[in-house]
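So the structure is just underneath, and the comments pick up after that.
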Amino acid sequence: MPSPRPRGSPPPAPSGSRVRPPRSGRSPAPRSPTGPNTPRAPGRFESPFSVEAILARPDPCAPAASQPSGSACVHPAFWTAASLCATGGLPWACPTSWLPAYLSVGFYPVPGPRVAPVCGLLGFGVTGLELAHCSGLWAFPDWAPTEDLQDTERQQKRVRTMFNLEQLEELEKVFAKQHNLVGKKRAQLAARLKLTENQVRVWFQNRRVKYQKQQKLRAAVTSAEAASLDEPSSSSIASIQSDDAESGVDG
């Protein structure tokens, strides 16, 4: 009959099996499961692209205590730029380098667009859709250089054609016969005088206007001369008065 074993002692190994003695007096510590929040052992290098490193990264869209409540997920650099502008760390303007790439798109290359305390970024919750409608966010200072629209809209002055004496004489001869020259005749005259059809057309148009003015002036002069012939002259009136006076004296 086997003797009773003491309490707490390990059970006897079966016959025929080899028993490995422990390497040390301490029992091996149980392995702890690796999780996303498990601290890494010092001295061990892990790749930042490993599964554990990716899972251990904090959510970039998690609400921070320094950002306004109810705001959308906005890059932290945007709030940093707005806070620096509001607290006086920078002047009224913040350069576009303080903003992330997706917010700085669309700025014109002028120094200092106004980004500082607009739409209550530090006091009220602003969503991503409201940022596009904020007045002053995309505004520019009054002294910013702007393109002069009047110069672009101003029509260029038409270059006046200089005709030589031979061309003017030929044009006057044709105008004396026909005041309006169109079609094939105008093309032939332009080719003969080494001019374009547009130049000939403009000359005839201006010549007709001049001719109408001359006709009106001649009509006015003719009417004035006719009126002067109908009225008695001052010398005839004086002679009539003197004759009346002499006849009165004789009577």
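Residue numbers in this text run from 1 along the chain shown.
Every residue, even glycine, has its Cβ placed from backbone N, Cα and C.
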Per Swiss-Prot record, range annotated region 'Disordered' [choices 196-223, 224-251]: 224-251
Counts by DSSP class (helix H/G/I, strand E/B, coil) across the DNA-binding region (156-215): 42 helix, 0 strand, 18 coil
Integer mean pLDDT for the DNA-binding region (156-215): 89
